Amino acid sequence: MNPIIFTTILLTIMLGTNNVMISSHWLLVWIGFEMNMLAIIPIMMKNHNPRATEASTKYFLTQSTASMLLMMAVIINLMFSGQWTVMKLFNPMASMLMTMALAMKLGMAPFHFWVPEVTQGIPLSSGLILLTWQKLAPMSVLYQIFPSINLNLILTLSILSILIGGWGGLNQTQLRKIMAYSSIAHMGWMTASLHTPYYTLLNLIIYITMTSTMFTMFMANSTTTTLSLSHTWNKTPIMTILILATLLSMGGLPPLSGFMPKWMIIQEMTKNNSIILPTFMAITALLNLYFYMRLTYSTALTMFPSTNNMKMKWQFPLMKKMTFLPTMVVLSTMTLPLTPMLSVLE
């Protein structure tokens, strides 16, 4: 892709997201979502093959449907209130449609079916943008309208997302699909804690950091399957250790960073005398931890059959420069001791 065109597309994606986050008018929010959607499709189709075309088409149809639901909710709200303000939804039907539209854009269950297929069909770099940056705009709108949302509806979507995000990743060998199901589960944790926006923001930051770290290491090793992940010992032994730590952190294993948001969300829910919901969420999170432990096992403790050429890859240095990777790994794995400092947010 032409560098000027690529830069223009990236700037459009950033502008669309920023437009959604800073706008207080529903029409500007809708325009921001459309800019975001139309700009990312050429990036998803960087590799000209049928799989990328199929993934881009699925993404376009899903996001178009979500945008249609969003505009329908805005029009219903306008009929009842006469206002275009983002902060408040005055009609229960408008609130329900808006929640469904944003859940579809975030890839939450039961509107999650597009996420694994689209992520699997696009390059790793496009998957990184899809699973990180593209979550910011819908999450910011969801945060702004949370007082108007039916609490039972959003908690149901959260529980379904955590459950399906864990179940779906159990039988996967494709790393992009595993990251997609992990994204679905993390969206469930974030929306379950929307009543405490600081914890939602903390969860979002840690999720984006961990996901960016994993995709950066996958791209450095050109790794897309469990089999190719097991060969990283031959290519970059040190990076293999970093992959292990980040995988366990994404699974929420203490004492790594990924445990922090889960711990704080469960603690906050129990303070509000909610026992059954956090217990179910904690048990369901074990499904995610299981498939991450399985990835860790196949990477660190097993060696799949490989040719002699594959075994000699350690002789050739990794030529890709990754300036920010050490910082990202530290943030993804070692921030749990900073948890007491977060008490100032309460």
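The backbone N, Cα and C atoms fix where each Cβ goes, glycine too.
Straight from Swiss-Prot, the features:
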| type | residues | note |
| --- | --- | --- |
| TRANSMEM | 3-23 | transmembrane segment |
| TRANSMEM | 25-45 | transmembrane segment |
| TRANSMEM | 67-87 | transmembrane segment |
| TRANSMEM | 96-116 | transmembrane segment |
| TRANSMEM | 122-142 | transmembrane segment |
| TRANSMEM | 145-165 | transmembrane segment |
| TRANSMEM | 200-220 | transmembrane segment |
| TRANSMEM | 238-258 | transmembrane segment |
| TRANSMEM | 273-293 | transmembrane segment |
| TRANSMEM | 324-344 | transmembrane segment |
Task: For the transmembrane segment (238-258), distant same-chain residues with Cβ under 8 A (at least six beyond the ends) - done: 182, 206, 209-211, 213-214, 217, 220-221, 229, 232, 285, 288-289, 292-293, 295-296, 299-300, 318, 325, 329, 331-337
Task: Top Cβ-contact partner of the transmembrane segment (25-45) among 67-87, 96-116, 122-142, 273-293 (pairs under 8 Å) - done: 67-87
